[in-house]
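Participant: According to Swiss-Prot, the topological domain 'Stromal' annotation covers 1-72, 145-150, on the basis of sequence analysis. Among the features that Swiss-Prot reports, topological domain 'Lumenal' is placed at 94-123. Among the features that Swiss-Prot reports, transmembrane segment is placed at 73-93, 124-144, with the record citing sequence analysis.
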Amino acid sequence: MANFIKPYNDDPFVGHLATPITSSSITRAILKNLPAYRFGLTPLLRGLEIGLAHGYFLMGPFVKLGPLRNSDIALFSGFLSTIGLILILTLGLTIYGVAAFGQGQTTENSNDLQTKKAWDQFKGGFFVGACGSAGFALICLSSIPAFTIS
């Protein structure tokens with residue numbers, strides 16, 4: 001097993017161990033396809049895509065595991081809970097943006113999420129995408145018979 005784990009780039013001072021998982025090309029390909037690392041996306045589209053995923057998968061736990069799961073309004077209360085959590089997450093993104101970027105750092109490349117303007121676009125895309133996908137999940141769960149909640 002010691003032959004598989006070695007220092008990253010044969011430099012023991014980096015502080016990262018290269019394992020077969022962390023240094024494989026498959027892992028790199030999967031990580032490069034995530035919207036946070038994909039090349040050529042604007043901050044708005046990054047936030048939109050990340051928000052779409054989060055809004056959609058946050059709906060299920062609130063509907064199936066929420067305190068009103070056995071009532072007639074389980075779906076609607078799960079939707080409202082999801083929107084509430086999305087608001088809290090967006091507030092957290094806002095606080096991080098104010099703390100990290102403060103006032104007016106401007107650079108020529110606005111696609112790197114390291115400026116206030118780019119972070120605000122990311123945050124807006126996240127909010128719109130998450131609320132939209134939570135609404136889409138609500139429509140799917142309420143109208144498609146295969147997805148009905150019992």
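Residue numbers in this text run from 1 along the chain shown.
The backbone N, Cα and C atoms fix where each Cβ goes, and this holds for glycine too.
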Participant: Please indicate, using numbers and ranges, the residues of the same chain that are 6 or more beyond the transmembrane segment (124-144) and have a C-beta under 8 Å from a C-beta there.
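Facilitator: For the transmembrane segment (124-144), the sequence-distant neighbours (Cβ-Cβ under 8 Å, at least 6 residues beyond its ends) are 43-56, 58-60, 63, 75-76, 79, 82-83, 86, 89-90, 93.
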Participant: Mean pLDDT, the topological domain 'Stromal' (145-150)?
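Facilitator: Across the residues of the topological domain 'Stromal' (145-150) the model's pLDDT averages 72 on the 0 to 100 scale.
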Participant: When secondary structure is assigned with DSSP, how many helix, strand and coil residues does the topological domain 'Stromal' (1-72) contain?
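Facilitator: The composition, in the requested order, is 34 helix, 4 strand, 34 coil.
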